[in-house]
Amino acid sequence: MFYAVQQSEHTETLVVGLFQKSQLTGKALEIDEMLEGHLTQLLKEGDVSAKPNQVSKVFPPSSAGMKRIYFVGLGREANYSFEQAKERFAHVFQAIHKDRKQETAVLLDTFISEDVPPADAAHALAESCLLASYEVQDYKHKSNEPDKQIEAVYVVTDEDTQEVQAGLRVGQAYGQGTNSARTLVNMPGNMLTATDLASYAEELAAKYDFECEILEKSEMEELGMGGILAVNQGSTEPPKMIVLKYQGKKEWEDVVGLVGKGITFDTGGYSIKTKSGIVGMKSDMGGAAAVLGAMETIGELRPEQNVLCVIPSTDNMISGGAMKPDDVIVSLSGKTIEILNTDAEGRLVLADGITYAKQHGASVLVDVATLTGGVVVALGTETTGAMTNDQSFYQQVADAAQECGEAIWQLPITEKDKKRVKSSQMADLSNSPGREGHAIMAGTFLGEFAESTPWVHLDIAGTATANKATCFGPAGATGVMARTLATLAERFTLEEDKNE
């Protein structure tokens, strides 16, 4: 889809970046000369702007050999960064997609700066193209032709084409993984059960040569996975514990464990959600989608790392056999849990998922979950809540998130918080000791299962979906944290290795 070339005959549509400068230079100047000074005139008259994210379409004379040029404003070069490059590309590719253009050429060198070298510019181009042109897969009865997609982008550059192609490959892998996560989250709950999610994981494993294990209900019963089994009690759909292993090293050591909450639909159980609160609960497997999206990116890029993916998956339904408030269950870890809120089910399945990941070699753990409404109240819909038991490992996760442009904010875990989750008179832990600090209580609960293993909890309840379209795509699922997890897996270094 993305091709690094030194010149291209595919110039019916061309994309050019414009920095805010006193005069045109480099490739932009060459375009101006080809247009016989027309670009300079358009800039003076304000019909074309170099201001950030401004996209201007110009229809050049036939002598130019192309039908249209998209100029995108990059702002001042001194302020231009990798993240800004992604935003600029997103705006222009969204315009191209809206115009239903299936092929375009991009003058990559007009997007390069001292802080954004060729490979990074190429990465930004490919990732943003895929994110910006993503469309929600709906189920409407249509008689019109299928939507036209961008099929080929010819990236014209005077730089090393192998280096540029490598950057395009990375960006494409990140864009594809994120879009796959989006598609999973957008799917209706009746079309994406735990069984369907397991089948998807098996297909991913076959494509990328991952080791795959799907634990069935009977196996969970033998192992004593009381958390996921309790949540599944009210459902007619069988639960699945989905396990994928990617081994990029000779030995199974220094393993990054990724645990994703896979609740395919959440009614709240007997602590039932309100009419407005229950709509959209198909997205309660956003953590699982993020982990699977990251695994797709990892499969494409093949880093020299070991990654373990664990997804406990079921729906949370109501029936005569469903779990009830006041029930006491025994988790895989052996710790007992008093159920005070059946709508606090995500932490129950994650407890078993975290324990299983530890048992199978995870050196560090990241769990990802649409876990609490409390995190939305605290941080809104742009920032993911984070908690940890290890600041050094948290910093690696935070660095990965910053590199990907995905905002996270750390919430505390105090000794008083730990006492609160242990306040049950009937069991080792309570799954919901109160509404105060609800997001923190949920994370603190999970920390009791991570124990001494370095661990970061990411609560994406506010960030997994967007109510409004952005330059990076339509309203709906965002695929948040898929890129962060993939970047973490690529960059991860065990602390003891750093000290050698």
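Quick reminder: no glycine exception, Cβ is built from N, Cα and C everywhere.
Binding site for Mn(2+) 1 per Swiss-Prot: D343, E345, plus D266 from the candidate set D266, D417, D428. D284 is the only one of D254, D284, D326, D327 that Swiss-Prot places in the Mn(2+) 2 site (with K261, D266, E345). Long-range C-beta contacts of D266 (Mn(2+) 2 binding site), restricted to its own chain and to partners at least six residues apart, with a cutoff below 8 Å, comprise K273, I278, M281, D284, D315, N316, D343, E345, G346.
In terms of local Cβ density within 10 Å, E345 ranks first among the binding-site residues D284, D343, E345. Excluding K261, D266, D284, E345 themselves, the residues of that chain whose CB lies within 8 A of the CB mean position for the Mn(2+) 2 site are, in sequence, V231, I263, M281, M285, N316, G346, V349, A369, T370. Counting every protein chain shown, 15 other Cβ atoms lie within 10 Å of the Cβ of K273 (active site).
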